[in-house]
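Annotation comment: TrEMBL describes 7-109 as domain 'Phosphagen kinase N-terminal'. Annotation source TrEMBL lists region 'Disordered' at 50-76, 319-357. As annotated by TrEMBL, domain 'Phosphagen kinase C-terminal' applies to 124-357. The ATP binding site feature in TrEMBL is assigned to 127-131, 190, 235, 291-295, 319-324. Residues or ranges marked as compositional bias 'Low complexity' in TrEMBL: 321-344.
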């Protein structure tokens, strides 16, 4: 028996990746024992190696002190420690265990409960946006999604979203039918996700068959958008020019509630459980999957040596104005530092309070 155990341990040690110097959460917690216990994979064939590949391939930046640890997809940003792993399906997060009866996720999508948010200074706030992700139960997540599943998700999304009416009425645009110029214009206007150049997308397998099965749906005013089959099955976004976050959040709640109902009418629920909340590809988005942000024009203070320190103290972070994978340019997007483990409406209150200051 002892010889057998030694052989097993030796075999595991030969296989285990060695990302100990990597700057991500996976590298900090993965042990040979954990690797040995979890490496069998789940029923769909998604293995632990698939889960952690993005963290193994992308060491991150260890040269500077880290300021935030909750973001899952900001590759090599000098102040952000990435998660270093992704989920391939709902089962990746495992069966419920070690939860107390009180460990339940709370969601509040009643926009009337939002306090403030309608008085952000338009002299500085260029635009406001709220986004979340949703995963459709019964399909693998993007890192493990087959071509057929991806196309089925796209078709289901088109059927559901085409029913939206009123201010939410819009149209779906498939990436494969767009010209390079049309795609780039939507990216430059901050409506469309970027091309799959992010190491997170590439290392995790989320860019397979690009652009097949991907696209964007938006209403006629381009204030309500749904990305299909990027990092998550769906990314639901409400955005508009100016600083009326209350109006943005109201549209977000209304549209998201309608979308969930339309998918249920077609026999498809969103992935959710009472302990984790909504299940998404990156663990940093578990629960709410929610982020609220504003694009602000700070031509002078953003050049100050202590600008990053000020943002950290206010629990805000600076991002690029394109999407999650971009760097900052002339304008700065300010979002809440914490977006994991909060109720849906909490981050909006923080964004309003801190940005208004």
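Residue numbers in this text run from 1 along the chain shown.
Positions of Cβ are set from backbone N, Cα and C atoms, glycine also.
Location within the structure of each feature annotated in TrEMBL.
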| residue | record | DSSP (3 states) |
| --- | --- | --- |
| 127 | ATP binding site | strand |
| 235 | ATP binding site | strand |
| 293 | ATP binding site | strand |
For the binding-site residues 127, 130, 235, 293, work out the Cβ neighbour count at 10 Å and name the residue with the minimum. 127
Taking the domain 'Phosphagen kinase N-terminal' (7-109) alone, what is its mean pLDDT? 74
